[in-house]
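Quick notes on the structure that follows.
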Amino acid sequence: MIPLRSSVTTQGRNAAGARALWRAAGLKDGDFNKPIIAIANSYTQFVPGHVHLKDVGDIVAGAIREAGGVPREFNTIAVDDGIAMGHGGMLYSLPSREIISDSVEYMVNAHAADAIVCISNCDKITPGMLNAAMRLNIPAIFVSGGPMEAGKAVVVDGVAHTPTDLITAISASANDSVDDRGLSIVENSACPTCGSCSGMFTANSMNSLTEALGLSLPGNGSTLATHAARRALFENAGRTIVDMCQRYYNHDDDSVLPRNVANKHAFDNAMTLDMAMGGSTNTVLHILAAAQEGDIDFDLADIDRLSREVPCLSKVAPNSNYHMEDVHRAGGIPAILGELNRAGLLHDDVHAVHAQSLSDWLATWDIRTDNPTQIALDLFHAAPGGVRTTVPFSTDNKWDELDTDSENGCIRDVDHAYTADGGLVILRGNLAEDGAVIKAAGIDESLWHFSGPAHVLESQEDAVNAILNKQIKPGEVVVIRYEGPAGGPGMQEMLHPTAFLKGAGLGTQCALITDGRFSGGSSGISVGHISPEAAHGGLIGLIHDGDTVTIDVHKRQLTLDVPEDVLAERREKMNVSEHPWRPLNRQRRVSKALQAYASMATSADTGAVRKVNDRR
């Protein structure tokens with residue numbers, strides 16, 4: 001039997017002061033022998049993916065209490081990447097991941113909590129809490145707020161937009177053929193409900209990956225925020241975490257700990273899922289960071305290996321008209337895992353917080369088996385309500401039929417894959433000695449080789465101005481540098497540049513490369529995470545306008561076609577300059593908080609984690 005961590009605050013004479021404070025917070029005598037379970041909520045009125053979470057903590061707490069635990073809720077910050085996009089606010093997005101990780105660790109360890117339920121949803125919140133869970137390694141379960149419904153189809157000036165989402169609105173804003181009235185129509189349709197944005201963007205990608213890691217319940221990644229079926233996920237999470245506490249503390253069963261659930265094979269499976277579903281490139285950053293926090297031997301080489309082995313089985317917005325509600329109708333994440341498992345592409349020796357084995361897991365939740373269970377059929381029939389709302393669990397609509405078409409449906413089998421390679425591809429070459437990432441699922445295969453003259457810009461703001469002022473020409477490779485974790489600092493997302501290129505009709509005529517990153521909503525020939533970044537001496541910092549840059553997805557190469565002696569001369573000149581490896585004439589205020597982050601930030605190939613001297 002393992003003593004409860006909380007016993008240092010609840011047991012013995014020395015804990016009298018702590019017990020007095022616990023009593024003031026509502027605990028009673030009978031609570032001091034029960035596990036104290038932290039609920040890390042991320043409710044905020046700033047973010048549509050979190051605006052509905054205010055009362056969700058009470059649902060989880062009630063289930064914990066009924067199962068025999070003591071729930072204690074606290075909140076973390078949550079940044080909305082879409083609202084922070086396109087201005088200085090985006091500098092704070094990735095650093096907020098570390099703030100969230102640290103705040104969860106601080107609260108849990110300061111109060112000696114025995115376990116944690118992570119109520120997350122949007123872009124940096126799930127990764128931040130995941131890093132904390134791997135770091136703490138106490139019983140943990142994830143349950144997210146769920147995706148929003150897709151926007152309804154609209155027709156603007158005779159052009160159909162079906163269905164709409166956030167990216168539709170951003171692209172339309174840069175399209176001169178869409179007038180203000182038309183833009184208003186798209187804007188008012190794009191984001192109709194609470195929940196994380198409706199495509200396979202970063203939030204939904206990460207919430208889906210927690211399923212594959214085994215740390216959340218089936219349906220976590222795809223059950224709509226507005227559907228009544230999602231309430232059961234919160235209730236079951238509360239009951240499950242108490243059971244996990246009993247198994248660990250009462251029966252010495254350490255299989256429930258995050259590092260044993262999300263082990264090396266689970267990370268392999270999660271990234272295999274990511275490749276198959278065409279997830280956001282941001283998942284590469286976050287999975288690498290989580291592995292480091294948990295001391296899991298998983299790195300960029302593993303991701304490269306998997307990208308060569310795993311086919312792309314699903315294309316979801318922004319790469320098609322499918323959205324998360326369509327993924328759910330097709331069986332959600334268990335259906336994709338089932339297709340991968342039947343093809344022998346998953347490790348079958350993993351378990352989850354809800355299942356002792358992968359076979360048990362899929363036998364219960366994969367609707368594409370010969371005998372799907374009624375519980376799975378009921379869950380995946382959950383359909384959108386079609387009503388603008390910020391109220392969770394407000395619809396009980398059902399699909400008339402499920403999408404089990406493995407040839408042409410939302411989720412395909414391996415024999416009918418979109419591409420033989422995975423949705424994400426790792427590129428290397430003299431421009432990316434430590435790696436770069438491209439979302440191949442978002443590009444027609446005819447564009448997998450692109451070569452053109454560089455158009456160099458020292459910031460995202462300069463790039464946006466150049467695009468909107470029609471300074472970018474077809475055939476060019478737009479280079480946005482000094483936007484890496486240290487150089488930005490904060491590694492901004494380049495959603496606006498990619499969306500504006502698309503809106504200007506250049507989405508397939510230009511490429512964009514950067515040491516920054518991309519939104520899960522980005523599309524087009526977009527290469528990010530170039531490592532080493534410009535601020536760390538990366539070759540991207542030596543590109544001149546007109547230099548030829550070549551992207552070759554088939555060969556997995558990213559190269560700058562400039563003679564070595566010329567590059568050596570440029571590097572020497574840079575090193576002796578007044579401000580080496582800094583952007584020229586960039587107007588940007590960098591706060592002390594961001595400077596502190598930049599001083600510790602590593603490049604993207606290591607997940608942009610902080611480099612901290614070990615003082616143990």
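Every residue, even glycine, has its Cβ placed from backbone N, Cα and C.
These numbers come from a predicted model, not from an experiment.
Per Swiss-Prot, the candidate among Glu493, Glu533, Glu564, Glu569 that belongs to the Mg(2+) site alongside Asp81, Asp123, Lys124 is Glu493. Within the same chain, residues at least 6 positions away in sequence whose Cβ sits under 8 Å from that of Asp123 (Mg(2+) binding site) are Val79, Asp81, Ser93, Phe201, Thr202, Ala203, Met206, Asn282, Gly520. The Cβ of Ser519 (active site, proton acceptor) has 31 neighbouring Cβ atoms from other residues within 10 Å, across all protein chains displayed.
The number of other CB atoms found within 10 A of the CB of Glu493 (Mg(2+) binding site), across every protein chain shown, is 32. When the alpha carbons of Cys197 ([2Fe-2S] cluster binding site) and Glu493 (Mg(2+) binding site) are compared, the span between them is 15 angstrom. Listed in chain order, the residues near the Mg(2+) site other than Asp81, Asp123, Lys124, Glu493 are Val79, Ala84, Met90, Ser93, Leu94, Cys122, Thr202, Asn282, Ser519, each with its Cβ within 8 Å of the site Cβ centroid.
When Cβ atoms from all protein chains are considered, those within 10 Å of Asp81 (Mg(2+) binding site) total 28, not counting its own.
Working note on the binding-site residues Cys122, Cys197: by count of other C-beta atoms within 10 Å of each C-beta, Cys197 ranks first.
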